[in-house]
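Chemist: Can you keep this structure in mind? I'll have questions shortly.
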Amino acid sequence: MRQKLVVGNWKMHGSRTQVRQLIESVAASTADLKKVEIAVGPTLLHIGFAAELCTSEDASHLKLAAQNLFTEPEGAFTGEVSAPMLAEYGVNYVIVGHSERREFFAETDQVVAAKFKATQASGMIPILCVGESLSQREAGTSAEVVLTQLNAVIQSAGIEALQYAVLAYEPLWAIGTGKTASKEQAQEIHHVLREHIAKSNATIAEDIRILYGGSVKAANAAELFSQADIDGGLVGGASLKAEEFVSICKSAD
Ligand code: PGA
């Protein structure tokens with residue numbers, strides 16, 4: 001049985017006060033949840049602070065997700081943060097291939113694959129995001145687009161690497177738009193991804209968690225998470241409101 005996972009992607013939001021408040025209130029309201037795994041994803045600047053908060057007894061059930069890293073372990077790369085640095089802070093997950101990074105920071109499939117491998121080389125779990133644009137969906141190429149993105153990582157890291165990874169299907173047209181994919185639309189692509197992996201390795205396909213992301217909120221989480229191939233959510237906007245995020249976590253428990 002795959003354990004459901006809900007990850008909050010805070011993007012470029014939050015002050016120290018907000019980070020503390022969010023972690024404290026999410027931790028307090030989710031302490032009694034039994035099944036769902038929960039991770040919070042502050043900015044890289046706030047990772048150390050969040051790590052301290054998450055190691056406190058009351059928040060120790062929360063995992064930590066980083067939103068990005070650089071491909072190299074160290075060196076003259078001004079402004080970047082490496083996998084070993086994140087691992088030292090106890091980071092569990094790293095989001096790679098988010099569409100905002102592909103779009104605004106020109107990250108190619110090759111860069112995404114290198115980040116995926118760097119994450120695993122430091123013992124952390126990549127959350128690999130894939131997803132199509134609205135025009136690609138309208139052209140009927142959603143499956144082809146997500147499989148191309150996934151294959152770039154498989155070719156570079158090998159199919160076995162998916163044993164220590166999470167996938168996130170995030171249709172671009174649903175991110176930050178308030179327009180969620182219907183449960184049928186999401187399930188269809190999740191199934192395509194799992195079937196594709198199954199052709200190479202049935203066990204990994206059965207075990208890998210595939211999250212849905214794109215305007216997940218308290219009102220739609222339960223129906224999305226009830227789908228056979230949806231194993232939780234990657235939550236942006238709604239993860240900044242403790243009550244809303246907690247309600248999403250409860251839907252996955
Ligand atoms: P959203 O973002 O929930 O605000 O749509 C999801 C994401 O980008 O991970």
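Positions of Cβ are set from backbone N, Cα and C atoms, glycine also.
All TrEMBL annotations are machine predictions without curation.
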Chemist: Using only what TrEMBL says about substrate binding by Asn9, Trp10, Lys11, Gly176, Gly236, Gly237, identify which of Ser29, Ser156, Ser215 is listed for that site too.
Modeler: Ser215
Chemist: Return the maximum Cα to Cα distance in Å (whole number) over the record's substrate-binding residues: Asn9, Trp10, Lys11, Gly176, Ser215, Gly236, Gly237.
Modeler: 14
Chemist: Using a Cβ cut-off under 8 Å and a sequence separation of 6 or more, which residues in the same chain sit near Glu170 (active site, proton acceptor)?
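Modeler: Listed in sequence order, they are His98, Ser99, Cys129, Val130, Gly131, Tyr212, Gly213, Gly214, Leu234.
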Chemist: Among the binding-site residues Asn9, Lys11, Gly176, Gly236, Gly237, which have a Cβ atom lying under 6 Å from any atom of ligand 1?
Modeler: Asn9, Gly176, Gly236, Gly237
Chemist: Have a look around His98 (active site, electrophile) and count the other CB atoms within 10 A of its CB, chains all included.
Modeler: 26
